[in-house]
Structures are given as C-alpha cells and as structure tokens.
Amino acid sequence: MKKTQIIVIGNGMVGYKFCEKLKSKSESFNLIVFGEECRRAYDRVHLSEYFNGKTAEDLSLSTATWYEEQNITLFLSNPITKIDRDFKMVYAADGLSYSYDYLVFATGSAAFVPTIPGVEKDGVFVYRTIEDLELISEFAKKAKTGAVIGGGLLGLEAAKALIDLGIEQTHIIEFAPRLMPRQIDVAGSEMLKSKLADLGLKIHLNKNTTSIVGDGKIAAMQFSDDTNLEVDMLVISAGIKPRDELAKACGIEVGQRGGILVNEKMQTSDPSVFAIGECALYDGMIYGLIAPGYEMAEVLAANLCEGDKEFTGFDMSTKLKLIGIDVASFGDNFIDEPDCRTIIFENKHKGIYSRINVSNDGQYLLGGILIGDATAYNMLLQTVNNKIVLPENPEELIFGSRSGGESDGAGITSLPDSALICSCEGVSKGDICSAVTDQNCENLDDIKKCTKAGTGCGGCIPMVKDLMVHTFKSQGKYVKNVICEHFNYSRQELFDLIHIHELKSYDEVLNEFGKNDGCEVCKPLVASLLASLWNEMILKKGNDVAQDSNDRFLANIQKGGSYSVVPRVPGGEITPDKLIIIGEVAKKYNLYTKITGGQRIDMFGAHLNDLPIIWEELIAAGFESGHAYGKGLRTVKSCVGSTWCRFGLHDSVSYAIRIEERYRGIRAPHKFKSAVSGCIRECAEAQSKDFGIIATEKGWNLYVCGNGGSKPQHALLLATDLDSETCIKYIDRFLMFYIRTADPLTRTATWLNKMEGGIDYLRNVVINDSLGMAEQWEQEIENLISSYKCEWKEAVENPAIRKRFSHFVNAPEEKDPTIEFVDMRGQKRVAEWKTSNQI
Amino acid sequence: MTDTSNWLAACRVEDAVENGGVCVKNGEEQIALFYFKRRNEWFATQNECPHRKQMALSRGMIGSTTDEPKVACPFHKKTFSLHTGECLSGDECAIKTYPVKIDNGIVYIGKSPK
Ligand code: SRM
Ligand SMILES: Cc1cc2nc3c(=O)[nH]c(=O)nc-3n(C[C@H](O)[C@H](O)[C@H](O)COP(=O)(O)OP(=O)(O)OC[C@H]3O[C@@H](n4cnc5c(N)ncnc54)[C@H](O)[C@@H]3O)c2cc1C
Ligand code: SF4
Ligand code: FES
C-alpha cells in the first residue's frame, strides 16, 4: 500500500517538533520537509546564547543523522515557492515539484519591520535567525552606540545582547508608555526601568521613530517629538509578522492582520492543509511562544494518527530570560479592581515589585506580575492553572517567596499529578515523579532525557528540580538541605546543634529540634550523626529503632529476610586458622560463603535468631564486626607489598592494617573505603578509593575522593612523599572535614565535586589548615578512635540487646519459616522474590 | 478478663519494642506489632510487605507524615499507614491492620483485621 505523503513547509522549531511527534506515533507516513534556512531546525528560544559561545550545532534540535534515521526527507535552503491545491502539488525553489496528501504550514513568522523611511540602510537589523546574529556581531565590532526599537520581551533580550557585544551605549526605544506592555503594568515597568538602567541601558518611552537618517549607512534616528539620537547600529524588534504569504497566494484564508486561519484541529480553510506554530491564527490570536506551538504540533500529529485532540487556546504566561533580571507575568495579569482583589508588594530599595490578582471571594489566584524576584513564578503559575484554593493570607504567596517559598519545595505536594509542569513538552508532575521512582533518574539530566521536561524554554527547571528532590525525599534517598518534614535543618546544622547541646539519643534530638514523630529519613540520619559524634554503642538509648534495618541488626538484610555476616579482615590479611574458623562457622550454620570485592569473606543466609550465636563464636576466635552494614569504614585493601613482591617499595600490608584498625567503626555520611598499594603498579586499586595510598621511593602519596560504583571517579593527588605519621594526620583531618560537612548519603567524590574551589581548596584546608580547625579535628578523631568497641561483642554480651535478635516475640526459639533457600553449585542460595501481584 | 476467642495474647508490654516493631506468631500467620510510645499508641499490621512479599514490616522504622503514623519497609522503603494500611508511597496495595488493646500488662491483638 502506498503511504500517505505529508509535506511540511518550514523546518523551524514547531515543524521539527511535529516530525518528532508524528514519527513517535506512527510509521505509516512519508514525510518530506522543506526548509528555507540553510540549517536544520535549531532552538530559537535560546538564540541569544549564540553570543555566549554556543555554536549553531549546540543550538540544533537534532543530530545530523536524525532525519535519515527517521526516514524523513529533508531539503534545506530550498523554500517552497508555489502551491497548486487542485493537483495537490508544491513547487520548490530548486524547480522540482512534489505531490502531497496532506500539507502542513510551519512557516513561523518574520520580524515585523514598521514602514519607517530608511529601514533599508546598512546597520539596521532584525533578530530572528542565526544569520541575523552573525551579521549583528560582525557589525558590532565597529560600532560604539546602538539602539533597539521595541521594549518588549525580545527587544530587551536584543538590547542585552548588544551590551554583551561591547556596545557601551545601548538605547531602547519604546512607542508605548511602558516596557513589556503585554506583560507588565506601569508600576512594574518603572521598577524594571531602573533595573535596566543599572545594566547600562538607556530607556526612552513614548517615542515614535519617524525616520532613519544616514548616507547609505545608519547615522541617527529621528523621532516624532523632533528629537533625534545618533547611533551606529539599530535592531528592530517591534513584533512579529506571520509568514502567511504562500498560503494567501494559493487562496487559503488568512486573517486581516496576518496569520493562516485554523480551527481547533489546526485545519485551514482547505481540509487537507494545516498550519501550526507562529504562522497559525487561532481564535483571533497568533501565539508567539514556543509552548503553544508545540501543543499545536501535538494536536495535529495526534489527529493525523486518528486521535481526537483539540487546541483550545493556551496560557501566555512568560518569564524573561535575562540573567540578573527577574521579570514574569502569569495568568490574567492585567485584571483590575473591581473584577478582582489586587495585592501589591513593592520594595524600591531592593528593586522588587510583585502583584497578585485574587478572585473577589479570596479563593483563587487569577494572575500577576513579578519583577526583581521571580522565584515564586512557577508555583504561582501552578496555583492559577490548577485552581488551587488559596491560603487565608494570600499575600504570603509573595512575601513567603522571598524566604525561599519555592526552593524548599513547599507547595508542590499540593499539586495534582496531572499538573502540567513543562508546558513546552507537555510533561506533568506525575511523569516527573515516576521518572525518579520508576526509571531511577538521579539528576536533572536524567530527567530531561527521560521525559524531555525542561528541554524547551527551560522555565520549568527550578520546579522540576524541586519535584525531583521531593520525590527523593519521599523515597528516603537523598535529601538536600532541609532533612525532612520533621527537621528544618540541614545535616551540617543539625550536626552542630547536637554537638553543642550534647544530645545522645534520637528522642532527645527530636524533642529539642524536631517535631512530630520522625520518619525513615531523619531517623537513620540522626542516628548516624550521634554515632559520628560520640561513637557510643548504636543500639543503646532507644537508638536501635532509629536505625536502618542493617544497623539495627548489625547485619545486611538480604532478599528473603536472612542476613549476611562479614567479619573484619584488616588489610585482607588472614591466617589459615582464621580461615578454618570461618569455614567451620559457615558449615555449622549452613551459610553461603563468597570472597567479596573488598578482600574479605561474606557469609550469607543467616537467620536473625542465629546472628548472636554465630558472632559469639567468631568473636571467641578473635574476629570482630566488619561494619559491612554501617555507613562507616568498610575495607582497606592492600597489595602484598615489599614483604614478598619484588617491586614493593614499602610494607603496604602493615600500613593497610594500621589504617583499617585506626578508622574501623567510625560512622560517616556514607561508607568510605581505602587501599594501600606498595608501588605505582597499584594492585590494590588505591586510586578508586575515598582515600588511597601509594608507596613512593620517599614515602607515601595520598590520594582522596575516588569512587568505584556506578559513577567511577579517580581519586586526586592530595600530597606526595609523606612519612607514615604525616599521612595519617592528613587523613584524620580529611575524614573529620568530610564527616562534619557532607550531605547525607554523599560519598567523598560527590562531596568534592560540589565543593567550591575543589581539590585546591581541600588541600588548603587539610594541609595548610586554612580553616584553623586542624587541632580540633585531630582531637575529635582521637576521641572516636579511643572509644571504639566491637559492636557485636557488646551486643552478644548484653541480654537486653541480644533478646531483640529473635524473629517472633512470642516464640523466641522459632526461626522465620517463610525464608526459603535452594541449592546452587553445592551451596545454598536464597529463593527468588515471590512475584508480587500489586506493584 | 479478655475473651481469647477473639483476641490473641501477643506478649507482655515490656517485651514490645518502644517506638519500633516486633513480630507476633499467630498460627501460620505473622503479625507486626508496633508500640508507638511517642504517641502512646499501639498498632498491628500484617508482617508481609506486599511489594516483594517479604516478612519484614516488623523490622521497619516507624514515624509519621503530616500526622499519619506509618511504617517503612526495610527492603525498598515503601511506606504504609499504620491506621488504615494504605500504601503512602503511591502504590496500589494495602496491608491488613488489626485492633490492639492492653489489658493487665498484656498486649492483645484482634484475631480478625479491622
Ligand atoms: C559483598 C559485596 C559484593 C561482593 O560479593 O564482593 C558488596 C555487596 C553490597 N554492596 Fe558493594 N559490595 C562489595 C564491594 C563493593 C565495591 C568494591 C570495593 O569495595 O573495592 C564497590 C565499588 C567501590 C566503591 O564503593 O567505591 C561497591 C560499591 C557499592 C555501591 C556503590 C557506591 C557508590 O558510591 O556508588 C553500593 C550502593 C551504596 O552503598 O549505596 C553498594 C552496596 C552494596 C550492598 C550493601 C547493597 C545493599 O544495600 O544490600 C551489598 C550488600 C551485600 C551484603 O549484604 O553484604 N556497593 N561494593 C562487596 C563487599 C565488600 C566488603 O568486603 O565489604
Ligand atoms: C530571539 C528570540 C527569543 C525568543 N524567546 C522565546 C522565549 O523565551 N519563550 C518562548 O516561548 N518563545 C520565544 N521565542 C519565540 C519562539 O522562538 C517561536 O515561538 C518559535 O520559534 C516558533 O516556531 P515556528 O516553527 O512556528 O517558527 P520558526 O521557528 O520561525 O520556523 C519557521 C521556519 O519556516 C521557514 N519558512 C518560512 N517560509 C518557508 C517556505 N516558504 N518554505 C520553507 N521554509 C519556510 C523559516 O525560514 C523558518 O526556518 C523567541 C524568539 C526569538 C527570535
Ligand atoms: S554490584 Fe549490586 S548486586 Fe552486586 S553486590 Fe553490589 S549491590 Fe549487590
Ligand atoms: S519488599 Fe517491602 S518495599 Fe520492597
């Protein structure tokens, strides 16, 4: 069967989006695209970034091979010049003709240039394509003064670009009595004006340009009030003009003031011809923004695939993208009393102006304007769009915002899952949350890839971040800044508070600094802080129930509900006798054994009830807890070193054992690992550890902040040729600095990645003691080291704690009968998850 | 005296774990019993987490969200309301909850779910 042939005129943002959407929905179309520009569709919204070093390729919306991969025929620099609707044919500039079943106009718009005598002179530009920007930047090299006609969204952007290009004297000429007349009111405009003046822009309102004078090249602008202004160059940004000329020429209906007339199916007066994006006129309106354009693309693509979608208008809320100046308008921004109640907040000193329009019954937010501080923009927009009932004092919406109302994520919980967060790509709150929970997105980039949210205008990014952090929190995963609903502090703040107030139990901390009952986020965090500070037995003082299951039972819980047993084997060195003990214990309690990646032996499959007796036997034979369950020191791996190896420079095994015994049991924001290699061949893989040590001719090189795991990162060299004592001193300081300041569940590598100043700063702190903390830290870590006790020894010797290691409170001798093992290679393994029916 | 045809005598009050859970055997069944001392409340639910069918909830951490008491499964941290059994992590599954009463220092759990 012959495929339906669709021809798209225009390879701009909306035309491209249409191809992408159609291809993702169906393979049953032949797509041919004609572009007038010489480039593949690019991101016009971020066009100004071309001046900040982005290349045309960076701005491109697709890769060079995308169209081919998608089986789309793309012609560039080949505009359509004529359409014959009777024969359903288009004629391209290269002289060839093509037939279509459906024709799509995505011709966008051009800059509107008013008929001022002299606009054709050299040095007068528009601001729409990459070519325009190339011409402007070339010309700006020779120019000292410049002007922009138009004080709207685009005009301001163009003016800022001129300043960035080094034009010191830049003027903005606006015909209306205020700036951004479509978005903001007079008071807001005044505030904005003073902000722009600070940037060095000269603003002229109520100015009507009557002619552009100069000899072939612009020299000055003449205004209706008989004044003039000498300029070397001019950018005209007075609005847009839909590209409807082709449609008009072939008899398709267009609006009086331009634009191809479409219905809610994006259909023109000819049923086989459609128009989308900035060339389409819907309900008397040209939508000069990207989000409505993308929505039109979606509507048309869906309908061609036998869907049933309608375009019913679109929210025109916008935010200015200039760095350093916040301007936003949302919802019904101009509605005034008596049709609503208006609340205005103005702070001239700080340059903040906020206005919100509230329904007369005080229930709903209708719209508003924000200047100087638009952090609340996304949340306010959501409040309008989702008709969220306002709090009793709606003014808190704008006052509260200044103390970070949005950044702490408050409010996003109240949004329904269907709330549209990214309007460009049509991504809802539910989509973003499930990207985090179900598709394991761990950062903004993952979410962008997965959902496309934030890849259009980018305005929703702060909100996407908040949602991400919020979802992390509810998963108990990674918590930024404020710990959870029960503690209004960061980890670091709480660390200091607990320290100063000398608190020793979770309940005390909750009573003093928290509220309600706590949860699975703050409990283990506080328990870890208590352990880092005091190094007391973690199961005492009621702190046992504030621990993750692994810490609470001093063993890692495994699939099925059994536990693993990992004794410490410092430096990986073990005697034959001890190997035999491990073998005997494993045999006696029917445990699976495996050599771990950390140079020790793991015994899996222990029943909760058996843990104390297993450990009793191990301890009697001289073993101690390996803390495989805790956020603390894991292993210090070693290579065999100078005692046996022909290349070994120093005794790496002895040094590894010394280090492992020094830091064992110390709790930190996350686990930390180490290794010591006897020479640069690096058999212990020290450079992949949180701190790693490599022998040199003269001493030890110390590396820090390395990581294996899912995002491997090599450790960085902190200091060279250290003697053994100095090396340990630096590690002491390094560890205490990490323990005190890292966010929860942050490994040293991530901690360093976020540290301003990076490794140089860290080196300064650790080696040069730039914070003046070294002495205190060395003392603190000494206290931790001297208070070390084997937790398992304490647990088996304390009847109250020991009693907790039974499965049934009313049948302490019985083991959990539901745990199932199966045979594998002569050992046991745990049975597979029983399939779940619900999730 | 408590009627033991409807109520299971689970344990003594001092055997329960303050602000945590224990597991109670009721024939073939396993019930998680929580002594929420901070709120001075007792809760009982099925011990099996519906997510991966793990006998684990009694080993979970308890806490609250807004004012709803909850337990977090130690395996993947799905959370469930201790009042209603509803899954608070947005999954379509719920756990059974049982009435609890204290009589003469003994904790009793209702034999049929709420
Ligand atoms: C047993 C072992 C695998 C093995 O059979 O070899 C293992 C087992 C687990 N690893 Fe590992 N890791 C083991 C060596 C490693 C190594 C290799 C090493 O240490 O040289 C790495 C990469 C090095 C590193 O950490 O930088 C490693 C990177 C991880 C990570 C990723 C950490 C990261 O920052 O990206 C996790 C996840 C986490 O900790 O959040 C993890 C977590 C886990 C957990 C705890 C998952 C869990 O929560 O249940 C596994 C526990 C099993 C258990 O019950 O004991 N394991 N894990 C190894 C135990 C070493 C030991 O003796 O203590
Ligand atoms: C500097 C700048 C900043 C902007 N900032 C924002 C912003 O912050 N937020 C926002 O929402 N929007 C912004 N916009 C607007 C946004 O870029 C447009 O809404 C969007 O590009 C419209 O897409 P479109 O595909 O309809 O038109 P276009 O992207 O203009 O694409 C139309 C294409 O069709 C081609 N064409 C025309 N006629 C023919 C023909 N006969 N044959 C073949 N090809 C033809 C044109 O050459 C053009 O390449 C900005 C625009 C500019 C210029
Ligand atoms: S790599 Fe994954 S599966 Fe293997 S032990 Fe580590 S955490 Fe478990
Ligand atoms: S088994 Fe309980 S959350 Fe997965």
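For all residues, glycine too, the Cβ spot is worked out from N, Cα and C.
Summarising the annotation, TrEMBL assigns domain 'FAD/NAD(P)-binding' to A:5-284.
Mean pLDDT across the domain 'NADH-rubredoxin oxidoreductase C-terminal' (A:317-388) comes to 86 in this model. If you look up TrEMBL, you'll see A:317-388 marked as domain 'NADH-rubredoxin oxidoreductase C-terminal'.
Per TrEMBL, the feature domain 'BFD-like [2Fe-2S]-binding' maps to A:420-468.
For A:558-620, the entry in TrEMBL reads domain 'Nitrite/Sulfite reductase ferredoxin-like'.
Residues or ranges marked as domain 'Nitrite/sulphite reductase 4Fe-4S' in TrEMBL: A:630-766.
Of all the Cβ atoms in the protein chains shown, 18 others lie within 10 Å of the Cβ of A:C683 ([4Fe-4S] cluster binding site). According to TrEMBL, the feature [4Fe-4S] cluster binding site maps to A:C639, A:C645, A:C679, A:C683.
A:C683 ([4Fe-4S] cluster binding site) carries neither a helix nor a strand DSSP state and counts as coil. Among the features that TrEMBL reports, siroheme binding site is placed at A:C683.
In the three-state DSSP reading, A:C645 ([4Fe-4S] cluster binding site) counts as coil. Across A:317-388, A:420-468, A:558-620, stretch A:317-388 shows the highest tally of CB pairs under 8 A with the domain 'FAD/NAD(P)-binding' (A:5-284). Summary for the binding-site residues A:C639, A:C645, A:C679: the Cβ-based neighbour count within 10 Å is maximal at A:C639.
DSSP gives A:C639 ([4Fe-4S] cluster binding site) a coil state; it is part of no helix or strand. Residues of the domain 'Nitrite/Sulfite reductase ferredoxin-like' (A:558-620) grouped by DSSP class, helix first, strand second and coil last, total 32 helix, 14 strand, 17 coil.
Apart from the site residues A:C639, A:C645, A:C679, A:C683, the chain places the Cβ of A:V640, A:G641, A:F647, A:G648, A:S652, A:S677, A:G678, A:R681, A:E682, A:A684 no farther than 8 Å from the centroid of the site's Cβ atoms, the recorded [4Fe-4S] cluster location.
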